[in-house]
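Visitor: TrEMBL lists these features:
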type   : residues : note
DOMAIN : 512-582  : domain 'DYW'
REPEAT : 94-128   : repeat 'PPR'
REPEAT : 164-198  : repeat 'PPR'
REPEAT : 266-296  : repeat 'PPR'
REPEAT : 297-331  : repeat 'PPR'
REPEAT : 434-468  : repeat 'PPR'
Amino acid sequence: MIRTPVLNKTHLLLSTKDPKLTEFDLRLKEQECLSLLKRCKSMEELKQVHVQILKFGLFWDSFCAGNLVASCALSDWGSMDYACSIFRQLEEPSTFVFNTMIRGYVKDVSFEEALLVYYEMIERGIEADNFTYPALLKACARSLALEEGMQIHGHVFKLGLEDDVFVQNSLISMYGKFGEVKHSCAVFEQMDQKTVASWSAIIGAHASLGLWCECLMLFGDMSSEENWRAEESTLVSVLSACTHLGALDLGRCTHGSLLRNISGLNVIVQTSLIDMYVKCGCLEKGWRLFQNMAKKNQLSYTVMISGLAMHGHGREALRVFSEMLEEGLVPDDVVYVGVLSACSHAGLVNEGLQCFNTMKFEHGIKPTVRHYGCLVDLMGRAGLLNEAFKLINSMPIEPNDVVWRSLLSACKVHSNLELGEIVAKNIFQLNSRNPSDYLVLSNMYARAQRWEDVARIRTEMVRKGFKQTPGFSLVEVKRKVYKFVSQDTSHPQCDDIYEMIHQMEWQLKFEGYSPDTSHVLLDVDEEEKRQRLKAHSQKLAIAFALIHTSRGSPIRIARNLRMCNDCHTYTKYISIIYERDITENAYLLERGKKYMQCTRLFGGHFRMINEKLYTCSGKEALDYFKDDPTLFDVYPTRYQEQMSHWPEQLVNIITKWLTGHNPSLNVADFGCGDARLAENVQNKVFSFDLVTNDPSGLTTQTISRKHRVLKPWATQIKGLLSYFKKKCSQELQQL
C-alpha cells in the first residue's frame with residue numbers, strides 16, 4: 001500500500017458533507033476543529049487537524065479554511081509551502097485568506113511572493129481592505145520596491161482608504177525607509193487622528209536619515225499634544241538623536257521616561273542608553289549601566305569598548321574585550337576597530353599589534369582600511385613614524401586620505417617635518433579637498449620658522465578656494481549652547497569673562513603653571529604670544545561656564561579642532577583648583593552645532609519630566625536620581641518642591657543625604673514646619689526659597705516658586721522609607 005500525503009489527495013472525491021451528520025453536528029465539529037487549530041504547536045498536529053477538516057467536509061467552508069491557512073502561515077512553527085498548497089486548492093479564497101498569505105510571506109521574508117499574491121488578488125477581482133496594505137507596504141519597504149510602493153499608494157486612494165490610520169502609519173514608515181521624508185511628512189500632516197504609532201513612524205522616518213534635530217522637534221510636539229505616552233521604539237529614536245546631538249540632559253529625561261513606562265528594558269534599549277551616555281561624556285554612568293545588564297550581546301560589548309577607547313581607558317577596554325571572548329561571543333571587524341582604537345589612545349603598541357594579528361589569523365577577519373588607519377594612528381602616537389610609513393606602503397589595499405592624515409598629524413606632534421612633507425605630498429595627490437591638510441603643513445613650517453614656505457602654502461590654499469574654519473569651542477550652560485572663538489570679544493558678557501580669566505591665571509601661578517608659547521605659530525614677540533594664548537576659545541568657554549554654573553557641576557566642551565598642549569595643561573589645573581570635572585570631546589562637535597538649533601525644545605521636555613515628579617511617589621522620584629546624583633542638578637528647584645510637603649524630620653534626613661552628593665546645595669527654607677504643614681495641606685499651596693552661591697562668589701541667585709500639591713505627604717513617605725532604610729536607618733527608626 002502506497003501512502004499519499006494529505007495535500008496530494010483529491011479532495012473532490014470526499015463528500016462535502018457527511019450524510020450521517022446533521023447541520024448542528026457539523027457546526028459542533030467545526031468549532032471542535034477550530035479549537036484544535038488554536039492549540040496546535042507543531043506542523044504534525046496541524047496536519048492531523050487538517051485531516052479531520054477534510055474528513056467532515058469542512059474544507060470548503062471559507063471561515064474554517066481561512067483559519068487553517070492562518071495557523072499554518074502565521075505561526076512560528078508553520079510552513080509557508082504547506083500554507084501555499086492549501087491556498088492553491090481553494091476555489092474562491094476570501095480577502096482574509098489573501099491578507100493572511102501576504103502577511104505570511106512578509107513574516108517569512110519572502111517579499112516578492114507577497115507582492116505576487118497581491119497581483120493575483122487584483123487579477124481575481126478580490127477587493128483589498130485596510131488590513132491588506134500594512135503588510136504589503138512593509139514588503140515594499142523591505143524589498144526596496146519604491147515604484148511598486150507608490151503604485152500601491154495609488155490603489156489606496158482608489159479604494160478610499162487614504163484616511164485609515166493603519167494604512168497611513170504604514171505609508172509613513174515605507175517612505176521613511178526610502179528616505180522620502182517629504183512624502184512621509186505629507187501623509188502625516190494629512191492625518192486627522194494621530195496615534196502613538198503615527199508619531200513613532202514619523203520620528204523613525206527622520207531618524208533613518210539622520211535628521212536628529214527634527215526628531216527632537218517632533219518629540220517635543222508629541223509631548224505637548226494630548227499627553228501621549230511614547231512607546232519604546234520612539235524613545236530609542238530620541239536616544240539616538242540625543243547621542244548624535246550631544247543632548248545629555250534630554251537623554252537623561254528620556255532614560256527616566258523609559259524607566260517609568262517600560263517594566264523591563266531589553267538589550268537594544270540598554271545598549272542605546274550606554275551609547276548615549278558614553279558619547280555625551282558620562283562614561284561612569286554608561287559603565288554602571290553596562291555592568292548592571294543581565295544579558296549582553298556583541299553590540300553591547302562593541303559600544304562599551306568604543307566608549308572606553310574614546311575616553312582613553314585602553315586597558316579597561318581590553319579587559320572588557322577579554323570578557324566578551326570568555327562569554328563565547330565572536331568578535332567582528334567593528335569590535336576590532338574599537339579595540340585597536342583603545343590601544344591607540346592608551347599607547348599600548350604591543351597589545352595593539354597582538355590584537356591586529358589575532359584578528360587576522362585566529363578570527364579570520366580581513367583587515368579593512370579602518371583597521372590599518374587605527375594601526376597607523378597607534379604607531380604615530382607612539383612616535384614610530386618610520387614604522388607607520390612602512391606599514392602604509394606595504395598595505396594590501398590602497399590607503400585613503402584618512403590613513404595618510406593620521407600620519408601627518410603624528411609628524412606634526414613629533415616635529416618630523418621631513419617625513420611630514422612626504423606624507424602631505426601623498427595626500428595632495430589624492431586630490432583631497434580638506435583644508436586642514438594644508439594648515440597642518442603650514443603650522444609645521446611655522447614652527448620651523450620657514451615663513452616663506454608658510455606663505456607659499458597659504459597662497460596655494462587661496463588659489464584653490466579653500467577657506468579656513470576658525471577654531472571654536474561649544475559649552476552648554478543652563479540648557480543653552482554658547483559658542484566661543486579665539487580672541488572673542490563679541491559676547492555680551494565679554495568683560496566678565498576676561499576678568500574671570502584674569503582670576504584663573506592668578507590662581508594658576510600658585511600651581512606652577514607657565515604658558516607654552518611655542519603653540520602660537522605667529523611671527524610676533526613673546527608678550528603678544530602670551531596674550532593670544534590666554535584668549536583661546538576653550539579658555540573663554542571654561543571661564544563662562546565657571547561664572548554661570550554652580551560649584552561641583554561638570555563642564556562639557558566640544559571643539560572643532562584638537563586642543564593644544566597648553567590648553568590641555570591649563571584645563572587640568574583649572575579642574576583641580578575649582579574642583580570641576582571638565583570634559584573635552586571632539587566627537588560632540590557636529591552634534592553641538594545642531595544642538596544649538598534645538599535648545600528651545602528642552603524647556604518643554606524638562607517640564608514634562610518634572611510633571612511626572614509631581615505625580616509619582618517619593619520613592620519613584622528618588623529612584624530616578626539615586627544611580628546618578630548629578631541628575632539632581634538638572635532641575636533642583638522642582639525636586640525640593642516635591643519634598644516641600646513632607647514632615648520636617650524626614651526632610652532634614654533627606655537634605656543631609658542630598659547635600660552630601662551635592663555640596664553646593666544650600667536649602668534655606670523648605671517650609672515644612674509642623675504648624676505650617678497643616679496649613680499647607682489644607683491650602684495645598686507651598687512656597688520655598690533656594691539659594692545657590694556661585695563658586696567664584698560673583699553672583700547669588702535666589703529662586704522662589706509655588707507648587708500645588710497633587711498627593712498628600714503620607715503617600716510620599718511610605719514610598720521613601722524602604723529606600724532610605726539603608727542610607728540612614730538609625731534616623732528613620734526615630735520617626
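For all residues, glycine too, the Cβ spot is worked out from N, Cα and C.
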Visitor: Please count the residues of the repeat 'PPR' (164-198) that DSSP assigns to helix (H, G, I), strand (E, B) and coil.
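Guide: Split by secondary structure, the repeat 'PPR' (164-198) comes out as 25 helix, 0 strand, 10 coil.
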Visitor: Across the repeat 'PPR' (434-468), what are the DSSP residue counts per state (helix, strand, coil)?
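Guide: In the repeat 'PPR' (434-468), the DSSP-based counts are 26 helix, 0 strand, 9 coil.
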Visitor: Are there residues at least 6 beyond the ends of the repeat 'PPR' (94-128) whose Cβ is under 8 Å from a Cβ of it, and what are they?
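Guide: Sequence-distant neighbours of the repeat 'PPR' (94-128): 62, 65-66, 69-70, 72-74, 78, 80, 83-84, 87, 135-136, 138-140, 142-143, 145, 148, 152, 155, 159.
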Visitor: Helix, strand, coil: count each for the residues of the repeat 'PPR' (297-331), based on DSSP.
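Guide: Across the repeat 'PPR' (297-331), the residues distribute as 26 helix, 0 strand, 9 coil.
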Visitor: Grab the pLDDT values for the repeat 'PPR' (94-128) and give me their mean, rounded.
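Guide: Mean pLDDT across the repeat 'PPR' (94-128) comes out at 91.
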Visitor: Helix, strand, coil residue numbers for the domain 'DYW' (512-582) per DSSP?
Guide: 37 helix, 6 strand, 28 coil
